[in-house]
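Notes for the one structure printed next.
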Amino acid sequence: MTATPKPLVLIILDGFGHSESPDYNAIYAAKKPVWDRLLATQPHGLISGSGMDVGLPDGQMGNSEVGHMNLGAGRVVYQDFTRVTKAIRDGEFFDNPVIASAVDKAVAADKAVHILGLLSPGGVHSHEDHLVAMAQMAARRGAGKIYLHAFLDGRDTPPKSAQPSLERLDATFAGLGKGRIASIIGRYFAMDRDNRWDRVQAAYELIVDGKAEFTADSSVAALEAAYARGESDEFVKATAVVPAGAEAVRVEDGDAVIFMNFRADRARELSRAFVEPAFGEFPRQRAAQLAGFVMLTQYAASIPAPCAFPPEPLTNVLGEYLAKHGKTQLRIAETEKYAHVTFFFSGGREEPYEGEERILIPSPKVATYDLQPEMSAPEVTDRIVEAIEQQRYDVIVVNYANGDMVGHTGVFEAAVKAVECLDTCMGRIVEALDKVGGEALITADHGNVEQMEDESTGQAHTAHTCEPVPFVYVGKRKLSIREGGVLADVAPTMLTLMGLEQPAEMTGRSIVILD
């Protein structure tokens, strides 16, 4: 006979960070006797939910998708931006086999390496650091002809801010003693995603045929002329950069083309124009026989080209591992965060695992959640208490949306009410667990509600924060909490409490030290 499950409940308080400052801190201002009692009597600490600790760039605030992915995966899940940045820092980028293969083929035949990408510090579709590294890699591997075809931003950056980026790349090439910027064009053309193929055609013909509406003898002169025509970065028309005595650059047979955008959606159309044998969206004057066309990441599985950083499938995430061990689990949230405790917590998988059940509680239909700061938390709690009392599940994962969704409204009084409602809900869960001898871990995915005003502007602060998040053990065991934890350590902690061995794929470390 199997033992009756005494559930381990993971309570994720969305947007519930920790700030030492009491100013405009809805958690500090709220009446929260249950929370205060837990912090006074139960082992607790703080863990990181932002920046490189969750696979985001340094200093980047966390978000719900990334937070739940890390919580469920039991390892830091690096986003594409940080995977590439980390590879450059570690030096691995410069030996990337997919890029190296294309570059080396071109070098062996004394052909050119063409670098395409959004030249921008924006960090949304690309980062100029990555383009600099690519130019350095091509030079290191012996390329004599290195050409950058720069797409200008102005959407994820100010509308007229491209000049420092162009100057930086000019300086990079000068330092290498080879290579140059060959063309500039706005992202409006090169990075269309709405099947406006006439725009993509302008970019393709500029890069492949050197066909341009305008020419200039330097990248900065090209930009200045565009500004004089009334164009901002995003809308700069096709311009070939042709220094005195040179010709417009073309893509020739045997050249290598490396597309350095890491975000897929706006890189697909131009990539298809380069590599699809039966491409028919616009007539190509010429389709060069390339030594290689490389996508930095997989823009689409259907595009016939290799990628330098293929998707990393997440295996043995918490849900999958529990299912393999015959454990039952319940995922529960209201509509606003239901995808987070299911799809994202399961590492990007839609289907439930064997032994997994799900409960979706509808979110209230109000214009903004400051009008109903309790949201559907009481109804969510009703179902959790019922599930605990039934003792049917080994693990229950619940998300409470209030801290984040009410925090986003910027209404301080509503945020305080949201925290007070959460406190009542936690009290009910703790009481139910007490009766059956269950345990809970309380944490958050990122901060928000602990900072409701931006002190520098005096305006409401509606965004997430980089603050650490609480980690509280609720139960009868004697244990201590180690410092320096991150969200990726939560799943290994749950396995420790359940007496299950941690799978090799989970590289996080348990936060609890059992006495």
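Just so you know, glycine gets a Cβ as well, placed from its N, Cα and C.
In the record from Swiss-Prot, residues Asp14, Asp445, His446 bind Mn(2+) 2; the candidate from Ser48, Ser64, Ser510 listed for the same site is Ser64.
Site annotation (Swiss-Prot, ligand Mn(2+) 1) includes Asp404, His408; from His325, His464, the additional listed residue is His464. Going by what Swiss-Prot states, the substrate site holds Arg155, Asp156, Arg187, Arg193, Arg263, Ala264, Asp265, Arg266, Lys337, and the candidate of His125, His127, His130 recorded there is His125. Cα of Ser64 (Mn(2+) 2 binding site) to Cα of Asp404 (Mn(2+) 1 binding site): a span of 9 Å. The secondary structure of His125 (substrate binding site), as reduced to three states from DSSP, is coil rather than helix or strand. Of all the binding-site residues listed here (Ala264, Arg266, His408), His408 has the Cα closest to the Cα of Asp14 (Mn(2+) 2 binding site). Checked against Asp156 (substrate binding site) by C-alpha proximity, the binding-site residues Asp404, His408, Asp445, His446, His464 yield His464 as the nearest. Among the binding-site residues listed here, namely Asp404, His408, His464, His464 has its C-alpha nearest to that of His125 (substrate binding site). Considering only the binding-site residues His408, His446, the Cβ with the fewest other Cβ atoms within 10 Å is that of His408. Ala264 (substrate binding site) falls outside any helix or strand according to DSSP and counts as coil.
For Ala264 (substrate binding site), the spatially nearest entry among the binding-site residues Asp404, His408, Asp445 is Asp445, judged by CA separation.
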